[in-house]
Amino acid sequence: MKQLRLEPVVQVRGEINIPGSKSISNRALLLATLAQGTTTLTNLLDSDDIRHMLASLKQLGVNYRLSQNNTECELDGLGGVISSESAQELFLGNAGTAMRPLCAALTLGQGEFTLTGEPRMEERPIGDLVDALRQLGANVVYLKNDGFPPLTINATGLSGGDVEIAGDLSSQFLTALLMVAPLAKGSVNIHVKGELVSKPYIDITLALMAQFGVTVINHDYARFEIVAGQQYVSPGKVLVEGDASSASYFLAAGAIKGGEVKVTGVGRLSIQGDVKFADVLEKMGADIEWGDDYIIARGSQLTAVDLDMNHIPDAAMTIATAALFAKGTTVIRNIYNWRIKETDRLAAMATELRKVGAEVEEGNDYIKITPPVVINTAEIDTYNDHRMAMCFSMLAFADCGITINDPDCTSKTFPDYFKQFASLQG
């Protein structure tokens, strides 16, 4: 197994242009596919999850042209649904942002489609989405365990009507349903059961749908109306914002060891909820400066916080490791959906924080972290989870440094993360 040793870092300073957002990249690729016209996507993320989506679209007959560095894509829309005369089997790795939306989109047309992935994907639930699609007439068959991939779709289109979908596990299910609803045969009324988690991710979806010409009536996130007869139309160009979750590591670095760290590609005009991570750093005592498309973090002594972070679940992981450098006990609440991500992130985070000496209480949907007097060095297991590797890079700011196991797992969203991280040092 590959290991990366991060030696102690005294101070960080510099500027990082954040690569494109994973959430926006895969949503935009699918909407561009369903749209009339050709769409040019710029600042597209070049990572494993996006490659799985692109490979699947190509297999489904979508024509696109990628730039040499894979960050610009010119895609010819189908002007409607995806159909195939021959049976198709698509491998989607561990890419939830490809599996869930494609599962929904492939029910719209005609054909037989089988969706598979890595072993971890077979443990990531999709039942709430499939239950909703079945209410609209979809024929979806699980191939192993009910409620989980792999699965086969025998597509004949979706009817309109009323549909209920659970919102308390993952917002990706609602995102997938929203994106396909305009192409159903009739108007769709979506009723959300339970408290909707990660609402800012739904805002990303609605903003992109509007960019492609579709209107959704949002009744306070409890009900969504999508009138029949709408069509996605290419806006011509789509600029993919920098990934706000990826920005969190560099902003935390500035807060812990700044110096001054500036991230560009996200700012106060961002449609991503994870930019609110900077507000949490500010509550902890960091000096934060906002621009339209940049955020600056400057360091100071951090103090612990006790907050509901359901609205920023991915970026909240960075608070868990930043908490090691804060005075007091930090509590991150309402984060049950950490458990159904690339790994069970609550269990993984608790295990690895204890390795470096932290006192950790792991609840069903919260984590409580008290930093040790002296942070220990350790070998950090990353569980094939990109965010575990990037979060624990913060331990380079301890006096003893840290070793990251399987550092290349960052290829899921940020292949050159550690190179960029090193550029801030000195």
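Backbone N, Cα and C atoms are what each Cβ position is placed from, and that goes for glycine too.
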TODO: Have a look through R51, R65, R124, R134 and flag the one Swiss-Prot assigns to the phosphoenolpyruvate site that K22, G96, Q172, R345, R387, K412 belong to.
DONE: R124
Task: Secondary structure at R124 (phosphoenolpyruvate binding site), reduced by DSSP to three states - done: coil
Open item on the list: Can you tell me the CA-to-CA distance separating K412 (phosphoenolpyruvate binding site) and R27 (3-phosphoshikimate binding site), as a whole number of Å?
Closed with: 16
Open item on the list: Run through G96, R124, R387 for me and report the binding-site residues whose CA is within 10 Å of the CA of S198 (3-phosphoshikimate binding site), in sequence order.
Closed with: none
TODO: Could you check which of the binding-site residues (K22, G96, R124, R387) sits closest to S171 (3-phosphoshikimate binding site), going Cα to Cα?
DONE: G96
Open item on the list: Need the DSSP three-state call for S198 (3-phosphoshikimate binding site) to compare against my parser.
Closed with: coil
